[in-house]
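Heads up, the thing below is written out as structure tokens.
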């Protein structure tokens, strides 16, 4: 079809009307006529919008049966206005503006309190490293807030998922070590890692790696990194220096009481009570298991008897198991009655103890059923091992009841202003100056060797491959490719690091945390990016006085659950071998504190098992043939030994 140009719009509308008339004459649709026109002119028929729908696909396939004569083709070409095909598509700036407007409308539609809360879920990783680099290394806070804010906005629009923007942790850890790095050395390391990642993405190396690395290895890496994040979060919440003893004091904005309250608050708000459906209605899942109900005296959590709640196909073993404890309870009751009747002094003591025992059993059963969180379809109580998947699955189904991260951040700001009112006077309006940095040859060498090479492995596996896999699990309707994520990581730092912005990347832990705290779309990172931009432009580096006083126990509590969410992704793994490789990868990652070594161990184990299976598969036919031949030889030898020809000649009767 000819391209519509703004100045030929009226003529092109005439063409549309002419196509409709010819389609009606041919007994087909305008779309079928258009495809038949392309086919008649010898062109290639390509999919058009709408072919994802079955009816449209069948309609397009039917265009092959529409035969156009030369007169029909000439009639269609005569209806084309002069100059309609020439030139580019009409109104390119207008289409760009329309796409931008649609993105803004989608952002306003998706922005909710849950998205706002989810956008703050990764602050437990971002703020401590940012404050440490600003305080100890002289990083520009204003520049980092402005550039990281732009990163958030762009990635939110580009990916449509809560893709986090995190510091490059290995570079930050080396920079904050006893032999700290200078700002040019930090920037050199970030530029080196980003260039390598972008080059590998352009060569589609990550696409290949994502297919060569088995899923148990990726989930084992996520388990190891998640537990490491949770451990660091607990240390930050519990210890005064965030690393080791002594512990914090109990009270105040940096006290243990605040940390424990924050941990309990997050647990109760971001992990909602599981619900299950039965008969179309959602009902609370925490019900007693049948065997638990039997232990508790034959009643389930909803008041029905154990026999009434038993599954209709249960075997005799289940019934016997369910009948043991009630019988024992009856015997206990009989003995209690006998002892009471005989006037024994222990009868009044045993009865309260038995009541206490049964009450504790019911309490434990209810707690277990509440954690499993899934009810049998026939209403026979919860089934152990059920429940929603990890990595924000429950929150994705039922939503977050309370924006926990938003509440904690607001509480932290209130406590900071209440206990340290002098931070307000330290604020000044206006952004700080942005200065371009050019690392020297020595900076390149030190930054590359000390921080760049160790960070490259972590960025490749966690910031590209792992985050892509997790995004596909959490948001399967969105298309997230490892090559696109690699380009994003490279583009961010190849621009920002030349101006002194903190090296940033994406990360599976941040994605899991934002999803758990309520983020479901790109609105979350866009909102966070706009906040960063506003703070960086309004207050600049003077904001450091406020950020460094933010209560560390709150950030530590958020980091604990961010790590737990990332580690929870491992529960999706099935199969004994898969679980073994997963745990091996996680163990080596934790023990060596190196993602590359952990992934290497998992890959060796996975492909060693593959080689063993291949060897067994190849050797099995040979072994079977050899065994069959051996049996044939043994059978032939046995048959020959028992045949008359093989018997020794009989001696004469008169032989001496």
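In case you wondered, yes, glycine gets a Cβ from its N, Cα and C as well.
Summarising the annotation, TrEMBL assigns domain 'NADP-dependent oxidoreductase' to 9-79.
Here TrEMBL flags 145-165 (among others) as transmembrane segment. Beyond the transmembrane segment (145-165), the same-chain residues lying 6 or more positions past its ends with a Cβ under 8 Å from any Cβ of the stretch are 103, 107, 118-119, 122, 126, 431, 434, 467, 471, 474-475, 478, 480, 484-485, 488, 492, 495-496, 499, 501-502, 504-507, 510-511, 513-515, 519-526, 528-537, 543.
Counting only same-chain residues 6+ beyond the ends of the transmembrane segment (186-207), those with a CB under 8 A from a CB of the stretch are 133, 137, 139, 168, 171, 174-175, 437, 439, 443-444, 446-448, 450-452, 455-456, 459-460, 463-465, 468, 481-487, 489-494, 497-498, 500, 502-503, 505. Positions annotated as transmembrane segment by TrEMBL: 186-207 (among others).
With a cut-off of 8 Å between Cβ atoms, the residues of this chain six or more beyond the transmembrane segment (255-271) that come close are 237-238, 247-249, 394-395, 400-402, 404, 407-408, 415, 516-518, 551, 553-554, 556-558, 560-561. What TrEMBL records for 255-271 (among others) is transmembrane segment.
If you look up TrEMBL, you'll see 300-350 (among others) marked as region 'Disordered'.
The compositional bias 'Low complexity' annotation in TrEMBL covers 305-320 (among others).
Residues annotated as compositional bias 'Low complexity' in TrEMBL: 327-343 (among others).
Residues annotated as region 'Disordered' in TrEMBL: 365-388 (among others).
Using a Cβ-Cβ cut-off under 8 Å and counting only residues 6 or more beyond its ends in the same chain, the transmembrane segment (402-420) has close neighbours at 113-114, 116-121, 123, 252-253, 258, 262, 265-266, 269-270, 517-518, 546, 549-551, 554-555, 557-558. Residues or ranges marked as transmembrane segment by TrEMBL: 402-420 (among others).
Summarising the annotation, TrEMBL assigns transmembrane segment to 485-505 (among others).
Under the heading transmembrane segment, TrEMBL lists 526-546 (among others).
The annotation transmembrane segment is assigned in TrEMBL to 552-570 (among others). Within the chain, the transmembrane segment (552-570) has long-range Cβ neighbours (under 8 A, six or more residues past its boundaries) at 121-125, 127-128, 219-220, 222-223, 225-238, 242, 248, 254-256, 258-259, 262-263, 266-267, 270, 390-392, 405, 408-409, 411-412, 470, 473, 508-510, 512-513, 515-516, 582, 586.
Away from its own ends, the transmembrane segment (582-610) comes close to residues 213-214, 216-217, 219-221, 223-225, 227-228, 454, 457-458, 461-462, 570, 573 of its chain (Cβ-Cβ under 8 Å, at least six residues beyond either end). What TrEMBL records for 582-610 (among others) is transmembrane segment.
Taken together, the residues of the domain 'NADP-dependent oxidoreductase' (9-79) have an average pLDDT of 70.
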